[in-house]
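Everything below concerns the one structure shown next.
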């Protein structure tokens, strides 16, 4: 009985010693963050003081590797260990082989009976593929063309650039996500080649010194003879816009000139018609004035010194005839009577001559004021 109690007491003492001794161990330096490429290896180091009894490695909260002073305890072939001793510390290394995307997460290093832990984070990146629709491109010399490079299956999305081994007069490129597919990025190269060469699309990982490239051949041919000076010499966009604006302004100017010309013609015709009508009116007025002089007299003043011919004739007729006055027969006698007088013998008397002064010719003067 006493022997059994002694054995139990010895075990308790040993456990107490392990607990006390284990609690005095420390982690000097924990693991550091690692970014690894899918399919590669990831290494984590944990530095502790001497005298340790048990070191445990956990990934995403699951212990994948344990290490005692005698040997490591391995739960998976993807996880192995290495160790390094120094004068004042011990370094334990956990190696993760063939890293997968789902391995991304926290990594923990801990000691038995210790509340001190070392933490790090594992980031896994995936290198996808590059694709250019044609590996041999044939373009026309001096004509703009574009080449598209597709990056598919990259995590995270890469940075895409171009390497040109061909003489060009102009080159530029831009990248963007494919609409409807956030895991596919496109890069478009615009260039104007002048000779043969190669084009290389390069995709680089953001946090790793890793890249993928794809090269295509570019063959430049001469433009066909019928296109020289024609389609091959197409005007730039700014020149086409300038010509369109110039033609529009010219058309507007022509329309305005036509409108002005028509207005001038109509105005001139109306003026000629108005002048012609005025001339007609003047001619009519002149004719009317000649035919009806009373209209002229109405515009003048009355001459009170004027006497009519009838009044003078009546005054002269009332005077008695003077002696020795000879009167001629009136001209109003008929022609037969005159013939008879010619055949009759006339008495021998002195001829008598009379002058009709009753109606001398008068000139009527009108004074117009």
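Including glycine, each Cβ sits where the backbone N, Cα and C put it.
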Correct range for transmembrane segment (source Swiss-Prot, candidates 198-218, 219-239, 240-260, 261-281)
240-260
For residue 217 (N-linked glycosylation site), which of the glycosylation sites 33, 45, 146, 196 has the nearest Cα in space?
196
Just to verify a number: CA distance, residue 196 (N-linked glycosylation site) to residue 146 (N-linked glycosylation site), in angstrom, no decimals.
15
Can you name the residues of this chain that are 6 or more positions from residue 33 (N-linked glycosylation site) yet have a C-beta less than 8 Å from its C-beta?
120, 121, 122, 123
Three-state composition of the domain 'Ig-like V-type 2' (128-217), taking helix and strand from DSSP
0 helix, 63 strand, 27 coil
